[in-house]
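Peer 1: In case it's useful when we look at the structure, here is the feature table from TrEMBL:
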DISULFID  Cys91-Cys97  disulfide bond
DISULFID  Cys95-Cys104  disulfide bond
DISULFID  Cys349-Cys382  disulfide bond
DOMAIN    90-122  domain 'LRRNT'
SIGNAL    1-47  signal peptide
Amino acid sequence: MLTIYALAVSFWLHSSDQAKVLQLKMLPHCFFLLLLCTVQLPSPSSALPFEQKGFWDFALDSMDAEMTMEMMRDPEEGSADDLFPHEIPTCPFGCQCHLRVVQCSDLGLTEVPTNIPRDTKFLDLQSNRITEIKENDFKGLTNLYGLSLRNNLISKVHPRAFVPLKHMQKLYFSKNFLTTIPKNLPASLVEIRIHENRIRKVPAGAFAGLNNMNCIEMGANPIQNSGFEPGAFKGLKLNFLRISEARLTGVPKDLPESLHELHLDHNQIQAVELEDLSRYKNLYRLGLGFNHIRNIENGSLSYLHMLRELHLDNNRLTRVPQGLPDMKYLQVVYLHSNNISQVGVNDFCPRGFGMKRTFYNGISLFSNPVNYWEVQPAAFRCVSDRFAIQFGNYKK
């Protein structure tokens, strides 16, 4: 301030008389402005070079820290102080971070990036070149809800890699090189998709402690019936399970009784035996299409009291499976692309009136060697309308 004052006095001494009179009149205002500037000027010792760390730097430029933190408060999850105890979150280089979603897909990454914000809810790492998941890759990400690692080169997962993820519910691990189910999966997990890997064996207790698990997608793995050890699914209360495009030759035993959907399409299943489906009384949808099924033993479908949809297309059946009239809630049956040559008047509908609770709204019989003009109309008396029946040309 003394320096500024000296410059002002020197300028006044070298001015003309007329200018001096004008400057004397403005002198009180000048001193006021000088005082104001002096207050606003930062101390040289406290000025630091600008360092861009993330989105919230811009927020701090336009409002004070207290107002910013107030905006970041979440009434359901606590204050922002809990989320950022020491530092403002950063975004990994090359990634995009927005609304707690961190997208790092298609970047050619060879490992999980560092500096992932601790409040991240969904982390997308798909379509990279990651080969291994290390112990501390997800350290501190206790708020993570979903993790996508699909379409990488992952063949190794550290046994404690997922331990920090206390609240994760969805894990997408498809299209990798896994040979076993990852260990110590979070107890909070609801859905896991590990199809298109190299899993040949599911040991007993592979899903132990996952009481919240609802959906497992593990198709397109080279697993045989013998690859499922007794107790492999023990304790699970699944609604959905898909083991399609594997190497199954029969319906797997010891699957969860709670299943609502079971998809075993695109396997090498030869037949459905009497007891194969006895424990799956809660099934709504059963997929057995694209197999080699020639025979469905009489009575094997009688356990499926709640079944709504049955896929038996693209097999080698020579007749409509027995037991369909007794399935009160069955609405859709796929039987196309088989070797069925005739349809009996009672193959689909019960004999008695009112025994079926819901009418069929879809029956597919095309690509079978059956002449539709030889089928009696009464065979479809329990179908909602004629457009629900699909016949078609048969090509040998």
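Note: Cβ is positioned from N, Cα and C throughout, glycine not excepted.
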Peer 1: On a C-alpha basis, identify the one among Cys91, Cys95, Cys104 that is nearest to Cys382 (disulfide bond); the candidates are the disulfide-bonded residues.
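Peer 2: With Cα distances computed to Cys382 (disulfide bond), the winner among Cys91, Cys95, Cys104 is Cys104.
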Peer 1: Around Cys104 (disulfide bond), which residues of its chain at least 6 apart sit with Cβ under 8 Å of its Cβ?
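Peer 2: Non-local contacts for Cys104 (disulfide bond): Pro92, Gly94, Cys95, Gln96, Pro113, Leu123, Asp124, Leu125, Asn128.
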Peer 1: Validating a neighbour-count step here. Other CB atoms within 10 A of the CB of Cys91 (disulfide bond): how many?
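Peer 2: Other Cβ atoms within 10 Å of Cys91 (disulfide bond): 20.
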Peer 1: Around Cys97 (disulfide bond), how many other C-beta atoms are within 10 angstroms of its C-beta?
Peer 2: 18
Peer 1: 10 Å Cβ neighbour count around Cys349 (disulfide bond)?
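Peer 2: If we count other Cβ atoms within 10 Å of Cys349 (disulfide bond), we arrive at 20.
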Peer 1: Taking DSSP states H, G and I as helix and E and B as strand, how many residues of the domain 'LRRNT' (90-122) are helix, strand and coil?
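Peer 2: Computed counts for the domain 'LRRNT' (90-122) are 0 helix, 7 strand, 26 coil.
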